[in-house]
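Worksheet: one structure, shown below.
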Amino acid sequence: MGKTCLRSTKDAIAGHWTVPPKYRTAEQDAAEEWLVTCYLGNNRYFWLPCFRFTRWYLFFASFLVQFCIGSLYSWSVFNKPIDLHVYDDNKAGRAVNAFYIAVGVFGTTTAIMGPWIERHGPRAGVVLGTSSFLIGNIIVAIGVHYKAIAAIYIGYGIFCGFGMGLCYISPVSALQKWFPDYRGTAAGFAVGGYGAGSVVWAKVYLPCIDAVGLSSTFILIGCVMAFAMYVCAIVLRSPHHEFVVSGLNIHGEAVDEADELIHRGEKVSVLSSHEYESITTPTARDVQEIVEPTTATNTLVRKLTLIDAIKTPDFLCMYIMFFGNQLYGLIVLSKLSSMCTDIFKKSADQAADIVSINGVFNCCGRLVFPLVSDVIVRKFNVEHSFARKCLYFYALASQAIILGTIPILMRNNNYTGFVAEIFILTASYGGGFGTIPAFLTDMFGAFNIGAMHGLILTAWSIGGVVGGITFNHTYGNQIADGWEIHEAYIYTVRRIFIIVIVGFVVLFFVRTEAADRFEPGYHLSLFGKRMSRANNSCMHSVQMKIANHWTVTRNPCSLEQYDAEEWLFTFYLGKDRYYSAKYLQFSRWYLFFASFLVQFCIGSLYSWSVFNKPIDDYVYDDPKAGHAVNAFYIAVGVFGTTTAIMGPWIERNGPRSGVMLGTTSFLLGHIIVALGVAHKAIVLVYLGYGLFCGFGMGLCYIAPVSALQKWFPDYRGTAAGFAVAGYGAGAVAWAKVYRPCIEAVGVPSTFLVVGCIMAGTMYFCAIVLRTPHLEFTVGGLNMHGEMVEESEMTTGNVAPVTSKLQYESTMSENEIDFIISTNAQVRKLSLIDAIKSMDFLCMYLMFFANQIYGLVVLSKLSNMCTDIFGRSGDEAANIVSINGVFNCFGRLFFSLSSDLVARYFNIEHAFARKCVFYTTLILQVVIVGTTPMLIRNNEYTAFVVEIFILTASYGGGFGTIPAFLTDMFGAFNIGAMHGLILTAWSIGGVVGGITFNNAYSSHIEAGVSISEAYISTVNDIFIIIVAGLVVLLFVRTNPMDRFDAGYNYSIFGRRIISIKGKEKAQKDPLHQII
């Protein structure tokens, strides 16, 4: 008996969550040709043969139904009247719970009843929902009359919530089937009525209460709404299963008739994606290439069962994202009237006006966002689901900014700013509701939309029940504890901010690429490039993700790309299409200037010290607060982390993609910093400059350097030095620009002006940047530095560009073979093997030591000049600028010297770079050892001279390290290896810099003099630099040591250490020569 009961329960649940296609009878087809038709039972229908039915009537019927149930968003107008009537206290805060209960029941209803609506159609759903809604309003009226809050909760919370849930998803589900060519617009127009309802009903409620009383208002308005919805239910219906419009069936699949029209070049009856495709791709072959993948995708989507759709990780991510998108808007809409009256002391009429206007923005957001998603699809010819995803990125980003700034507006009693932000918030909130039906239909199919839409609305109901009631309870407790009203509201804003950020991040993992979704396992692509793959085994999937990311493979360029990149200005349009401005032929020498300019812009990082005091003074009214400098240290940390993680991505996608993405993040960061400074929110300064700018600068730093190492195998050191010299040059220029700009337009506007100028420059340079094709040769060398056959045939002659061949032509045959074999061994190094080598570890520690003191000095130089030596701000800015000249000079001089040493003394290139690092580290040891004496004796001139030399050696390390890494680990690994080694710089910034800043502040608070506070850390840094000098000895530049089995180490050609591995050395050409 028990097993039978359990089995029947399982069958009932499975039956409920299975949505079979519904086929219509001939009688139903005949009846539903007319607008007004009623089902009488037993397959009998009554209709009025007056008006023929057309799908456009559904727009108005759906809008009107949503308009009526949109009264939910005007409930806040009832909060104080009900609390006053029932409890004689308009601040009792109990009536709002009816709203939260209604939201919870609303969402539960949509989740459970979705499959039922798919089986029975929208008419049955709206009739049942309207009946429940009318009964609920009658019960609320009785509860208000008898001052029974429980009846209000039951009537509005349960009955009205149930009815509104049915009436919400029924018309939306129908519209998604009737309008496969306008899914976003149809959904937006329908749920736009929901927002419009809140506008009208918020204006109607108060006059109605004044005219007939509180309880009678629910009777009167409930009857008016119910009548309107009953009439609309007659119009609503589902399309025939073979319904076709604009060449599409209800699933969005192209049908044969539309294909024939397109092949003939004729337009279909209603503008659709096919009409757009027939215009932009006029040939039959092109149409087939574009339409068939989309059709195949829609076919796969159509075959998704409801259970399979629910179980996908994409739906889980969409659910979390949708929860983050609606949570704060839901709370604001329920408390907006109270917030206006309690925080800003506005009247009830003024608050009602704001609620109404806010409803306009809710309505506009619901209509505009999905409409824009349809426009994006047609304008940019992108996947429908990807266009909806972009809209959610915008909505969540808008909410994150608003949540970060709204506490400031409340504390400053800035009512206008508060209202403006609430309107924008509500538009993005409404846009989420308007876009989600089309997004779900694109992702999971027309047969599943009712159930999936209902399920995802439970995220909204959970936000209402858990979030809303929790908010109300917390608010009540804080008021009871004596908190100010605005602080009680602000308390929860900070926590909701985190939820919105989580939603934004999770949205990245919603896969809109069909190949990712329907292949076995888990796959994720970004801009058509597969970023991750997963199989059934969790551990194996993690290993595969890591291995795939850290495996650098170069795809040969297509013929179209090869032809396009013969020109200087060329743009990738997608699908292997390019646009080229055929005016200037491309030459690799243009990359020098483009790379220099990109580095010049992001070199502004080294001028941050000019901002330290102005920001501290602006935010804390104390120029010596010492908080602004932390933004620099965070930026350095994110910079290095970005270069480490994104290096392989740049190697796969090229420098143009890297600079484009980096510039966008860099620009957003400057905008956020401007907002943070304007509102005195240091957290936004850290977020904007530290995270966004740090990420952008990291990408823009390694992308051009990696490209230059491939384009200039004959001038690796010079190319790297010239590029990163722009970084030092930027510090010179921007340090001189910042202060006059601050005086002219203020600190916040400076970030906007400068950020836009830099971003425009870098976007322009990104167009020029590119990677050479795999068969590129120059100066008798390929990109790996290997001699090619053509060059060998002209041994003894000067190559077209001065290169290693010029001096290698004088070598013996064995020596030439030795170098060829060495370069071949380096080229064969995998990225993982390069990272795991002992040489890279030693180079990492050496590079950390080379930059740690220079990094600290660069961030505090302006302060040191003013605080220790008593110089003015202008003098300090001049020193920062001149110091930047030495930074720039060092980056170019030391790297150029490494090339000259290699050629003049005819030695290994890697050994020449090693000698340069010996020079820089020895100089730093001397300077760090003598700087404390100069500070104590107030020797300003000598101090400045030493700092200049220190900065030149510090910059020289950055200029030389790319060529050093390329010589050691190969051209294909340079992007990733360069990024990884820059984490040593970021660690120096985060750990060393912030530790230095905290130690300095502690010394000052303890009463130590400023000069001694600086000197106290110098002695510790001295030890680190000496350790780096020692570690450099163990970097093996001798190929025989590196590629022989085991561990070997030689000095001046003599082997000092030889630890053989278990396996014998391979008999490759390198060992035979040796």
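Any Cβ shown, glycine's included, is placed from N, Cα and C.
Caution: TrEMBL annotation is automatic and unverified by curators.
What you see is a predicted model, and the numbers here were worked out from it, not measured in a lab.
The transmembrane segment feature in TrEMBL is assigned to 98-117 (among others).
The transmembrane segment annotation in TrEMBL covers 150-170 (among others).
Annotation source TrEMBL lists transmembrane segment at 182-202 (among others).
Taken from TrEMBL, the feature transmembrane segment applies to 214-236 (among others).
Residues annotated as transmembrane segment in TrEMBL: 447-469 (among others). Counting residues 6+ beyond its ends, the transmembrane segment (447-469) has Cβ neighbours under 8 Å at 17, 19, 21, 96-97, 99-115, 117-118, 165, 168-170, 172-173, 176-177, 251, 302, 304-306, 309-310, 315, 318-320, 322-323, 326-327, 330-331, 334, 436-437, 440-441 in the same chain.
What TrEMBL records for 489-510 (among others) is transmembrane segment. Only residues 6 or more beyond the boundaries of the transmembrane segment (489-510), in the same chain, are considered here, and those with a CB under 8 A from a CB of the stretch are 313-314, 317-318, 320-325, 327-328, 331, 335, 339, 343, 389, 392-393, 396-397, 399-400, 403-404, 406-407, 410-411, 471, 474-475, 478, 483, 524.
Within its own chain, the transmembrane segment (589-611) is flanked in space by residues 568, 628-629, 631-632, 635-636, 639, 659, 666, 689, 693, 696-697, 700-701, 703-705, 707-708, 711, 719, 722-731, 733-735, 738-739, 747, 754, 758, 761-762, 765-766, 768-769, 858-863, 877, 880, 884, 887, which lie at least six positions past its ends and keep a Cβ under 8 Å from the stretch. Marked as transmembrane segment by TrEMBL: 589-611 (among others).
The transmembrane segment annotation in TrEMBL covers 631-650 (among others). Away from its own ends, the transmembrane segment (631-650) comes close to residues 549-552, 605, 608-609, 612, 615, 657-658, 673, 685-686, 689-691, 693-695, 697-699, 701-703, 706, 831, 855, 859, 975-980, 982-990, 993-994, 997 of its chain (Cβ-Cβ under 8 Å, at least six residues beyond either end).
Panel annotation: around the transmembrane segment (683-703), residues 404-405, 598-599, 601-602, 605, 608, 615, 619, 628, 630-643, 646-647, 650, 655-656, 658-659, 661-677, 724, 727, 762, 769, 975, 978-979, 982 of the same chain, lying at least six beyond its termini, place a Cβ under 8 Å from a Cβ of the stretch. Taken from TrEMBL, the feature transmembrane segment covers 683-703 (among others).
The transmembrane segment annotation in TrEMBL covers 915-935 (among others).
Within its own chain, the transmembrane segment (941-965) is flanked in space by residues 705-706, 708-709, 716-717, 719-721, 724-725, 727-728, 843, 847, 850-851, 853-855, 857-858, 861, 869, 879, 882-883, 886-895, 898-899, 909-910, 913-914, 916-917, 919-921, 923-924, 927-928, 930-931, 934-935, 973-974, 977-978, 981, which lie at least six positions past its ends and keep a Cβ under 8 Å from the stretch. Under the heading transmembrane segment, TrEMBL lists 941-965 (among others).
According to TrEMBL, the feature transmembrane segment maps to 1014-1035 (among others).
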For the transmembrane segment (150-170), sequence-distant contacts whose Cβ falls under 8 Å of one of its Cβ atoms, 6 or more beyond its ends: 65-66, 68-69, 72, 75, 82, 86, 95, 97-110, 113-114, 117, 122-123, 125-126, 128-144, 191, 194, 229, 236, 450, 453-454, 457
